[in-house]
Amino acid sequence: MGALQWLSITAAAASAVSALTPEQMIGAPRRTEVIPNPSGDTGLFSTSQWSFDTHSESTWWSLIDLESGETTTLTDDSDIEEIIWLGSDSSTLLYINSTNAQVPGGVELWIADSSDFANYKAASLSAGFLGIKSTVTDSGDVHFILRGKSYPNGTAYNDQLAETYPSTARIYDSIFVRHWDTYLTTASHAVFSGTLQSSTSDDGNVQYTSSGGLTNLVNPVKGAESPFPPFGGNDDYDLSPDGKWVTFKSKAPELPLANNTAAYVYLVPHDGSATAFAVNGPDSPATPEGVEGESNNPVFSPDSDKIAYFQMATNTYESDRNVLYVYSIADDTITPLAKDWDRSPSSVTWVDGDNLVVASQDLGRTRLFAIPGDAGTTSSPRTFTDGGSVSAQYVLSNSTLLVTSSAFWTSWSVYTASPDEGVINTLASANEIDPELSGLSSSDFEEFYFDGNWTTLQGWITYPQDFDSSKKYPLAFLIHGGPEDAWADEWNLKWHSKVFADQGYVVVQPNPTGSTGFGQQLTDAIQLNWTAGAAYDDLTKAWQYVHDTYDFIDTDNGVAAGPSFGAFMITWIQGDDFGRKFKALVSHDGPFIGDAWVETDELWFVEHEFNGTFWQARDAFHNTDPSGPSRVLAYSTPQLVIHSDKDYRIPVANGIGLFNTLQERGVPSRFLNFPDEDHWVTGQENSLVWYQQVLGWINRYSGVGGSNPDAIALEDTVNPVVDLNP
């Protein structure tokens, strides 16, 4: 275990960088949200950092003083999976050790003191578990819950001890076959509960030891699963503060998983003495009429009497508007709060027994909003934060919250705020700590507004290092995915606009029709409208606005790039006159052939977007097919195509098909493939190659490669290039 070490994180980094490079951005420390102790004077977080010298990652845990911002290194034990505060004692920690000396593939629970990390083992668990939550009950015992995989009979599934078969065959009688990056198996995910019994030694110290086994709280509900992979996690379940109840979210077990988004919030005793009941399911008298979409983020009130959660109205629509509901356990009633508010919040925190705070996308940021417990249907929640994007918020005292956020210019910011005072005290910001990020400033980024196809739209501009408005910089035009998504004021490891800009570009990121955080009407308008009207027209109008407004942007030598839906738009642009406005194009994991959507994993998505299956809505599928012969004949702009083997949302054949077509049309093109990545590229070494190839490609054709001696080139990648042409 590492010794405690003091580090000031409020002083500015010693040296400034001339530009943000991919190596600096990827290799900078990555910190988690800060979790306060019960007294609210100390926070806990972890940090990981990749080294391109050793090609390895280091991880350590730290404490931060919530008055001064000073931090201490708590431990650098790489076997520790996660740590939480235990009970009302502000110095006791409970953590999961990722190894188990007695059970291969198992984990252990340990108790430690935050002052010196003196520790002892409290329990041995027979499988891999994550996401522990706990509370100390009136008896002094610890009730806890955690998540893991489960056999169909409800017992915990251990990957290392699971039965193997002579054949590798997979056999399916229903969909899903695969999801995101994984083929589904008979093992599912579940929330388990357990108890640590307390005892007091002769010297007065309290110790905790395992009491009994674990109880699977999800398995008794046939077909239920929680959390649901790949994006389900700790926010999908909660433990009541009194330790008596557990709530969890599960997709509707009676509906086909690949075709539906409907999900319910369940309530179950911690000891599993009764089967979990869906409080807003079809059998509940409390279920609001006409509300049939996905539920998420169930959270108990401080008095354990209520559950706050979000739910969408429409089944099959993953980007419908979240509405905040409160379920009363005693009354078996559900009450909506601020039901008509035109935002879609994503996380909720109880400030006290009645009042709540939610985080929601709002005009290209994620802000905090206060919602009183008696908020009526037409109530308009009030925001009390501004720039950046909140990732976590915890109540300290007197309605003060500890907030973790990020922004374009900082990967991690920690501050206190309250609904009455707004931001109170900034404790830490990564760009003032990390040498890799020093020199980044909010002044490098600004928003702009332009007239789109049918409404005023927002976008972002990122300036290069040492920007001079008297000079001209090639345009880098980035199109976001989704399409129900948005470019936001947040740290983006996959598409960081400043990394693009510091090659010598002015980066423009428009938020067209379909974008989120600007009202539900803008989001909903993308349905059946990918190319025939608003969304595509919005992008051309954004380009024209930039061309007409900013003398320092060189649109003659511009480039365009985008992921997923953005990649679809890139290829659609390739087949249109608009494609000739750009010197180079980059498409990452985009669809190419319209009918190939039948291969996707989440069928609910495409069947909602195009209003039917591919045989019911043939015109909609064909009208958004960039591989149509007339479009292919127009292909001429150099294009980099990126697609990875484990992308089951938009399978890799789409990328190979596009590359084949470009090659046969004689268009300068390259195919970049990662066999171990999915719809996103997240591995650090792979991410570096991704940036090298993307930036090298656009630099070659925009002229930046010739004007900037430090510009990245395609040849910077050490991997060999396969070229079988004679």
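Quick reminder: no glycine exception, Cβ is built from N, Cα and C everywhere.
What Swiss-Prot records for this protein:
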type     : residues : note
SIGNAL   : 1-19     : signal peptide
CARBOHYD : N97      : N-linked glycosylation site
CARBOHYD : N153     : N-linked glycosylation site
CARBOHYD : N259     : N-linked glycosylation site
CARBOHYD : N398     : N-linked glycosylation site
CARBOHYD : N453     : N-linked glycosylation site
CARBOHYD : N529     : N-linked glycosylation site
ACT_SITE : S564     : active site, charge relay system
CARBOHYD : N611     : N-linked glycosylation site
ACT_SITE : D647     : active site, charge relay system
ACT_SITE : H679     : active site, charge relay system
>> Distance check, please: Cα of S564 (active site, charge relay system) against Cα of N398 (N-linked glycosylation site), rounded to an integer number of angstrom.
In response: 44
> Hey, does DSSP put D647 (active site, charge relay system) in a helix, a strand, or just coil?
Replying inline: coil
> Since the record lists N153, N398, N453, N529, S564 as recorded positions, which of them has the fewest other Cβ atoms within 10 Å of its Cβ?
Replying inline: N153
>> Excluding near sequence neighbours, so keeping only residues 6 or more apart in the same chain, what lies with its CB under 8 A of N259 (N-linked glycosylation site)?
In response: I175, T316, L603, W604, E607
> Can you name the residues of this chain that are 6 or more positions from H679 (active site, charge relay system) yet have a C-beta less than 8 Å from its C-beta?
Replying inline: W180, D181, S564, D589, S644, D647, R649, I650
> Which one of these glycosylation sites, N97, N611, has the sparsest Cβ neighbourhood, judged by other Cβ atoms within 10 angstroms?
Replying inline: N611
>> Let's check the environment of D647 (active site, charge relay system): how many other CB atoms sit within 10 Å of its CB?
In response: 23
>> I'm trying to understand the geometry here, so how far is the Cα atom of N97 (N-linked glycosylation site) from the Cα atom of N453 (N-linked glycosylation site), in Å to the nearest whole number?
In response: 54
